[in-house]
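In what follows, a structure is listed as structure tokens, so that the remarks can point back to it.
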Amino acid sequence: MRPEHGLFAYEGFEPEQEKLREALCTLGNGYFATRGAAPEAEADEVHYPGTYLAGGYNRLKTELAGRVVENEDLVNQPNWLSLSFRIEDGDWFNVSTVKVLVYRQVLDMAQGLLLRTVSFEDSGGRRTRVEQRRFVHMRHKHLAGQELVLVPENWSGRVQVRSALDGRVINGGVPRYRQLSSRHLRLVMAKEVDAETLLMEVETVQSRLGVAEAARTRLYVEGHRAEAQCRLIQEEGLLAHEFTVEVKAHERLGVEKVVALYSSKDPAVSEAAMEARHAVKWAPARFDELVATHVQAWTHLWNRSDLDLELAEPDGTHRALRLHIFHLLQTVSPHTLDQDAGVPARGWHGEAYRGHIFWDELFIFPFLNLRLPALTRALLRYRFRRLGRAREAAHEAGFRGAMFPWQSGSDGSEESPRVHLNPRSGRWLPDETWLQRHINAAVAYNIWQYYQATDDSEFLYFHGAEMLLELARFWASVAQWNPSLRRYEIKKVMGPDEYHTGYPDQPEPGLNNNTYTNLMAVWVLCKGLEVLRLMPKERREELLESLELEPSELAHWEDVSRKMRLVFHEDGVLSQFEGYEQLQEFDWEAYRARYGDIQRLDRILEAEGDSPNRYKLSKQADVLMLFYLFSSEELKELVERLGYPFELEMIPKTVDYYLQRTSHGSTLSGVVHSWVLARSDRPRSWKLFIEALQSDISDVQGGTTQEGIHLGAMAGTVDLVQRAYTGIEMRGDRLHFNPNLPEGMRRLKFSLRYRKHLLDVEITPETLVLVSRWDTQGPLKVAVRGERHLLRPSETRRFHLSQKPSWEAEGAGVSPQG
């Protein structure tokens, strides 16, 4: 990794940007994550320290708007960062109260380190330089650490250092949630172990999740252990060591704080507090030793996960892609294999969306499938473990099979709130997003895509198939027969576009015949039947018996999969839902002139007493999700299976229609639209890609990134480069390449794993080079622009890309795969 592409740097201290930087500079290892807050900071209007354990949830009740609501939240754990100093009994260090001479914060993505350099002059004229390093260990998942080096530049004297564990934390990182109950922790124990070690244990008040943190702090002067006085400070919820030491001008005072975090749900653990205490006791003596093994683990991860690209005009694109990969790997890492946690839409980086799991896996798994497929398998098992709850949910709703929730947390219950706050109007409003039943197609799609990438038949037969069949059963039961149309219909749902929750002036929420939902239901039914055909007879019969699947039910699936209703506009455009064409056109120019930023039109219109349900507008891609997930051939097959005509000209017509009516109020919107334009309009696709790439870095969602990153959009942008611009598609047992690099991209290089093969890929506008790196597998079946080839073990093949891509010859105007 070239250094300039592995560093993400901020110059100068800007209080209004601090919380955004904290989110983007979060460090994590898949087990827990800590925001990039300054170690001396406490939660206030400028800073928000936060540490979050993967899957660490708790429920609280709040009386709100005349009703009691219950929410399950990802819990902010005790702040282990707390580390500050003061000079000669002066004020404790605060960047806001000194004269800052130099301020630089650097996220070293190659090494997984957060660095900060501050030079300042205090009110006494003393000049001091402070250098800090921090890690959350990527090899030893329970360990984290930070180092503070203080150098007096024009003075000598006494320094006091305070190192603490702060259990006084609440969940207060999202302003919209501040009317809700926020105290999730109770203190179980806080004590001094010895003159360098502190130990604190807390427990969540409802879920009874125990979390223990132990902190070991050591001081060094010029690399030698310092003779420092130490006293214990203990307040309610706070435990600290205060060290006093003498330093001379230009001497380096080093403070090394190593922390261990354990929870009561960790495997092979008897008592979390005992394990944390043990871990810091036996951790390497010096900070640099821990850094070395941490960096080594990150090097191994980058070897599997990096993208190397060369642009004609270098800009921040490469660095931003690395930032996105970095945060993905901090959210789900090899440590994810050992734990029961899903992949949250906002990472483990903050409290937005309460740390819940949505459908964002649909955008995240494609990258993992071709890089670290074992992680996809582990995350799919999160769904499998909650299959029982999904069955209960379907039954309670009057359906069969399994119905996964739109928002999931600890146990697979529906965690979607029933009310939400519009910060523009100040009103609490009904939240109908739980009607997004299409999550049950996304889960099925993810199972199938993982199988396509890995050929992991064991997972499919013993985990994936059971979920797929129960999801097919669900969709067959949701579909209602309309005898007058002789078609099946799906009613009272929402599509991915969250602006439309129902019909204008209708009291009941929900929409009928959302095209994305209906066609995805057909796809799930087809895959359910296909999986049964694929399975060995013995396992198939076991599943049919255990699930009580009779031939008559399978015949019903076949019938629904051939007679589902689709709604079209008069000109052949696929309608977002039944009745969409009758809605009013929206005055985009007037609202842009009035408000400027209109990404959240739902909030704007509600504050005006209006509703987006009345207009032809979308928050994000809805119908167009079909062109994101399926090739034109797959889509044609699905539509024609239903007896409807499918003309290729319908694709660009449909894309243009909805692109003109979309506000991109979701960070996922730019990813999808960039993808569907990648073949027909490369300049426009690249423009949308860059916008999506910058969405969190520039915080285009009006300040929401500080509450947590948008992981789906981050992973989606990486996948755009990895699959959309390379034309990679998995068809059966063959890996297809149909490259179409954006103008200005001179070279793209990466490695991928496909069905136990390790493959190096290098693409230029003129050539495709494939290198099979493992010699333990048989030949790999590939196709390059439709021509089939065999790539033998350890073979290097170069393909010339002089002819037009197949999609260009067809004129389909849509990415050939998803």
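Each Cβ is built from the backbone N, Cα and C atoms, and glycine gets one as well.
Taken from TrEMBL as is:
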ACT_SITE  E498  active site, proton donor
BINDING   W359, D360, K619, Q620  substrate binding site
DOMAIN    10-264  domain 'Glycoside hydrolase family 65 N-terminal'
DOMAIN    322-718  domain 'Glycoside hydrolase family 65 central catalytic'
DOMAIN    729-791  domain 'Glycoside hydrolase family 65 C-terminal'
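Where TrEMBL records a feature, it is marked here on the structure.
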residue	record	Cβ neighbours (10 Å)
W359	substrate binding site	24
D360	substrate binding site	25
E498	active site, proton donor	20
K619	substrate binding site	22
Q620	substrate binding site	25
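Apart from W359, D360, K619, Q620, the residues listed for substrate, the same chain places the Cβ atoms of F358, P496, E498, S666, L668, S669, G712 within 8 Å of the centroid of those Cβ atoms. For the binding site of substrate, formed by W359, D360, K619, Q620 according to the record, the largest Cα to Cα distance is 16 Å, rounded to a whole number. Rounded to a whole number, the C-alpha distance linking W359 (substrate binding site) with E498 (active site, proton donor) is 13 angstrom. A Cα-Cα distance of 15 Å separates D360 (substrate binding site) from E498 (active site, proton donor). With DSSP states grouped into helix (H, G, I), strand (E, B) and coil, the domain 'Glycoside hydrolase family 65 C-terminal' (729-791) comes out at 0 helix, 40 strand, 23 coil. Distance between Cα atoms for Q620 (substrate binding site) and the residue listed as 'active site, proton donor': 8 Å, as a whole number.
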